[in-house]
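Remarks on the structure that follows.
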Amino acid sequence: MEVVPAEIAKKPRTPTSGPVITKLIFAKPINSKAVTGQTTQVSPPVIAGRVLSQSTPGTPSKTITISESGVIGSTLNSTTQTPNKIAISPLKSPNKAVKSTVQTITVGGVSTSQFKTIIPLATAPNVQQIQVPGSKFHYVRLVTATSASSSTQPVSQNPSTNTQPLQQAKPVVVNTTPVRMSVPIVSAQAVKQVVPKPINPTSQIVTTSQPQQRLIMPATPLPQIQPNLTNLPPGTVLAPAPGTGNVGYAVLPAQYVTQLQQSSYVSIASNSTFTGTSGIQTQARLPFNGIIPSESASRPRKPCNCTKSLCLKLYCDCFANGEFCNNCNCTNCYNNLEHENERQKAIKACLDRNPEAFKPKIGKGKEGESDRRHSKGCNCKRSGCLKNYCECYEAKIMCSSICKCIGCKNFEESPERKTLMHLADAAEVRVQQQTAAKTKLSSQISDLLTRPTPALNSGGGKLPFTFVTKEVAEATCNCLLAQAEQADKKGKSKAAAERMILEEFGRCLMSVINSAGKAKSDPCAMNC
C-alpha cells in the first residue's frame, strides 16, 4: 500500500471567499488483478504535477483520504460545503503529461472494492485533443481503451476475468443474470449515473447523455447450464424464463403420472345370456384388502337366498366370494354399494375372527401336485359329498385327506360319483345342444326376415315369372275384360263367359312363357 500525496488549489466559489487547498491522498493496493463487483465508479483522469497556488499562508486546507472503499474521511477548516471545480495545472506541456496520464477505475463489489490502473499508449492515433472554448487547459480524450470485464458464475466463489474491447463514449446495458461486466471508460464530458442493483436476475443500466444504447456481449458463447431434471426431488417448481409467459412447471414422480383404469363406480355385473360353451357369463369380482381371487372363482355363481343375515355373513356365497348381490333372491340385502359402511364393518369383523376368511377356498395343491384342492376341506355328514352344497363337489374336485366329511363318496373309484359325473356331463351336453339349436333357429329366422329375396337363376337366364311385370299384368287384365264384354254382347251364358275368360288368361300366360323361352335362347334380345 503506497500513499501518493497531492495538493490541489481550488478556485473560490464566490469572490468573497478565499482559496482552499485540498490534499488528496490516493491509496492504491499493490495487487489489483482480480476485479469483481457490480457497481462501477469512474473517476476523471488525474494528471501528475505540482500545484500552482496563489494562496496566502493563511489559506485553509482540506485533506481527503481515498482508499479501496472510497472516501474515508475529510478534514475541512473552512465552512464551505458546496462542491467546487478542481483546476489542475500541468507541470509540463500537454503532450508530455499525456504520457504519464493515469486513469484509476474504482470497482465496488459486494464485499471489497479494488483499483485497476489503465495506462493508454501515447501514440498519435490513440490521443485526441479536445478544444473547449473559454478554457485555458488542454483536454485529452483516450480513443482506444481496454477494460477488464469480470464474469462471475453463481456456482463457484472464485471470479473469472474476461477482457473484451469496448467502444468509447456509448451507453451500456449490462445483463447481470449470468455475467457481470464492468463499464468502459468514457471522456470527462459525458455525465454518468451509475445505479447499484442487488444481486438478483435483473439488468444494470448505465445511462449517459447520448441516446444510443448497445448491449455488451462476450466474444465467446457462454456454456448453457442444462439442469438435470431427473435428479430433482418431487414437488420442485420450475420457474419460467423472463418474457415467456406465466407458465410454470412442477416435477412429479413417475407413479403419479398414470392413467386411471377404473371409473369412480364399479359395475356389478352384466346381463346373463345363454351363449358360448359355459352358458352363463361370469361377474367381475372385487378384491378385498388387495387379495385377488384365484382362477377357481371364475365358476358360475348361483344367486343367494338370504333372508335374515342381510347378506353380510360368510354363508352368503356372494359376500364370501367378495361380490355384490345381483339378481339374487335375498331380502333386506346390505351387500351393495348403498350400504358400503355396514358392509365394510362386517368384512372387518370377519377378518378379525379369521384373517383368511375371504381367501379362495379352492387353491393349488402342495408342491408336486397339479390338481386343485380345498384349503380347509369339507364337513359333509349326510350327502356323501355328492351334492352341490359340498364345496369340493361343487368345484368338481375330489375330497382330500384334510376333509372332515363322513360317508364320503367323492373319490376316484366311487361308482356313485362316476354316475353323477356322467349325468352331469350328459346334462351339460344336452344344455349345450339345446342352446346351439335355439341359437341356430333364431339366426335363421333373423336371416329370413332381414335378407332380400334372392334372384333364382336357371342356367344363367331369367325364369318366366320374372317377365310378369306391372305392364304385362295390366295388359292381361284388359284382355280378360275385353273377352267378358264380348261374351256379354253375344249373349253367352255365365259358364260360357267364364270359359272364354279362362281361355284368354291361358293364352296370355302362354305368350309370357314363349317370350321367356325366346329370351333364354337369344341373350341378345333379352339384353336389348
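Glycine is no exception: its Cβ is also placed from the backbone N, Cα and C atoms.
Looking at 22-35, 302-315, 316-329, the range annotated in Swiss-Prot as region 'DNA-binding' turns out to be 302-315. The distance from the Cα of Tyr315 (site 'Critical for interaction with target DNA') to the Cα of Tyr389 (site 'Critical for interaction with target DNA') comes to 11 Å. The least crowded of the binding-site residues Cys399, Cys405, judged by other CB atoms within 10 A of its own CB, is Cys405. Among the recorded positions Cys385, Cys408, Ser414, the ones whose Cα sits within 10 Å of the Cα of Cys392 (Zn(2+) 5 binding site) are Cys385, in sequence order. Along the region 'DNA-binding' (302-315), the predicted structure has mean pLDDT 87.
Taking the binding-site residues Cys378, Cys385, Cys403, Cys408 in turn and counting surrounding C-beta atoms within 10 angstroms, the largest count is reached at Cys385. Listed in chain order, the extra residues whose Cβ falls within 8 Å of the Cβ center of the Zn(2+) 6 site residues Cys385, Cys399, Cys405, Cys408 are Cys378, Cys380, Gly384, Cys390, Cys392, Tyr393, Cys403, Ile406, Gly407, Lys409, Asn410, Phe411.
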